[in-house]
Each structure stands twice: as C-alpha cells, then as structure tokens.
Amino acid sequence: MTADNNSMPHGAVSSYAKLVQNQTPEDILEEFPEIIPLQQRPNTRSSETSNDESGETCFSGHDEEQIKLMNENCIVLDWDDNAIGAGTKKVCHLMENIEKGLLHRAFSVFIFNEQGELLLQQRATEKITFPDLWTNTCCSHPLCIDDELGLKGKLDDKIKGAITAAVRKLDHELGIPEDETKTRGKFHFLNRIHYMAPSNEPWGEHEIDYILFYKINAKENLTVNPNVNEVRDFKWVSPNDLKTMFADPSYKFTPWFKIICENYLFNWWEQLDDLSEVENDRQIHRML
C-alpha cells in the first residue's frame, strides 16, 4: 500500500502542526541547544550527563532506575521524519520543549498470539510518563545509534531500526527473550502516526510513532516475564475484551493507544490473517 507522505484529518492544519512543519533543521538545533547534531552524535545509547546529579525538580520523587533511563538518546526529527540529531529522553519529553515543536521517533508494538489475542500491558507505577495506564504490548523509542537509526535515511531502513529497538525493549520491559522474538513470529510495519499529548506535569509526548504488528507463529508461544519496574500487569485480550475494557471507567489508557484504537486497530485486527491490504503504508498520519 502506498500513499502520499503526509495526511491530516479532514484536511485540517492546526497552528501547532504549522509550527512543527515550518521548523528547519537549523531552527531545531538553534532552538534546542541540548540536541547533538546527527553528524556529531556519540553513537551511544545514553548521554553522559547524569540526571541523578542534576538536582532538577522535574525528577523529584521519581524512581531512580526510571530517572537513569531519561538519559537515553532519542532520535530528534523534522516534520518529514528525517533525523536531525540526538536528544535525551528527558529533553524530548518536557512539555516546555514539546510546546516549541520538539519531535522524536517512537514505535508501538502489538503482539498477537495464535488465537488472535492482543497482548496488553499496564505501565508500572514507577514510570515517569503515563504511569499505571493500560496500553499496547510495548511502546518506546529507537535510540540515536547506528543499529536503530536507519542511517541511509530511507523508510525501509528506519523500519528496520524501529524493529531492532522493539526486539530490545520487548526483552527489557516484558522479559521476552530476543532470540524468541526473532524466531517465533514476524513483524509487520503498518504505518506512522504523528501525535502530541501531555502527560503528568511537566511531561508529555510528541512523536512520529512506527506501528508494528507481530504475529506469533502457529503452535508457538513467547515467554512473558515482565520487569516490574516497567510493567505493572499484562493480559491477552480479544477485540470484545478490549471493547469491554474501554467501557469500564476503572481502566485508563495511554493517549497513543486510544488514537490507534479509535482510528485503525479494530479494522486491522479483522484483517490479521492477511495484512497485505493494510501494511506498509508509507504515509505519515497526522493526529495534531
């Protein structure tokens, strides 16, 4: 499936979308001096700056392990999903920066078993952004390193980078061994979604999110052994189970998961046996 590179709902262009669209790479690097230009990036997973020693109030009361993870180097983007440089997870998730248009790359994985059930997780209480909320199997960020960046700049290379990051994070968050992920199923790239959402103060999200389905092979399973610092709970659900959860006010969901469900998920789910009509959409779907 192919399409134009950009899509806005109902043809609408918000003032925020215009702000992000009009920023050049030079504008981004000037506005955010913490961003390391792509050619000068250290090719390391994390910044050498220690959030633990910063004394910043934005981390007051938060879990030490989660604070360390805020040093990870995310991929800072322009409007067209071109990598501009490396920015720490902290810098990329502060609302004061997001309000100025700072954008980064992310991925969202949806794992389905042989019965067509989707693996959901409830984010741990310790998470700095969107704690305790239910969401899809795994949501995180490719890092600004060679294996996850897509150095050639082509979409297929970026997809490979997102999948490499997904394999890493499925192990880190859910304890799914990397060798199992690589051999017991297959990833399918669906599309990219561009959205912005505030979290708890002072945090938020502004991402181009690579949507990845993963179908477990027939008669096989994946080991799920969650990292309690990342995942509070998990469950396998059918479409009807998920709709029941949405109708129950005791369940709270991440904003990106709600966007994906409201616009795409249930239609995609119906085509799970043959995703050829819906996968590999080259368009960036703007939800701003």
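Glycine is no exception: its Cβ is also placed from the backbone N, Cα and C atoms.
As recorded in Swiss-Prot:
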REGION    33-58  region 'Disordered'
BINDING   K89, R123, K127, S140  substrate binding site
DOMAIN    102-259  domain 'Nudix hydrolase'
ACT_SITE  C139  active site
ACT_SITE  E207  active site
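Where Swiss-Prot records a feature, it is marked here on the structure.
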{"residue": "K89", "record": "substrate binding site", "contacts (Cβ under 8 Å, 6+ apart)": "L69, M70, N71, E72, N73, C74, H141"}
{"residue": "R123", "record": "substrate binding site", "contacts (Cβ under 8 Å, 6+ apart)": "F130, P131, D132, L133, W134, T135, E230, V231, R232, T254"}
{"residue": "K127", "record": "substrate binding site", "contacts (Cβ under 8 Å, 6+ apart)": "Q66, E230"}
{"residue": "C139", "record": "active site", "contacts (Cβ under 8 Å, 6+ apart)": "A106, F107, S108, V109, D209, T254, W256, F257"}
{"residue": "S140", "record": "substrate binding site", "contacts (Cβ under 8 Å, 6+ apart)": "A106, F107, A165, A166, K169, E173"}
{"residue": "E207", "record": "active site", "contacts (Cβ under 8 Å, 6+ apart)": "L103, H104, R105, A106, H141, H194, Y195, M196, W256"}
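Among K89, R123, K127, S140, the residues given in the record as binding substrate, the maximal Cα to Cα distance rounds to 17 Å. Over the domain 'Nudix hydrolase' (102-259) the predicted model carries a mean pLDDT of 97.
Other residues of the same chain near the substrate site, with their Cβ within 8 Å of the Cβ centroid of K89, R123, K127, S140, are Q66, L69, I128, T129, F130, C139, E230.
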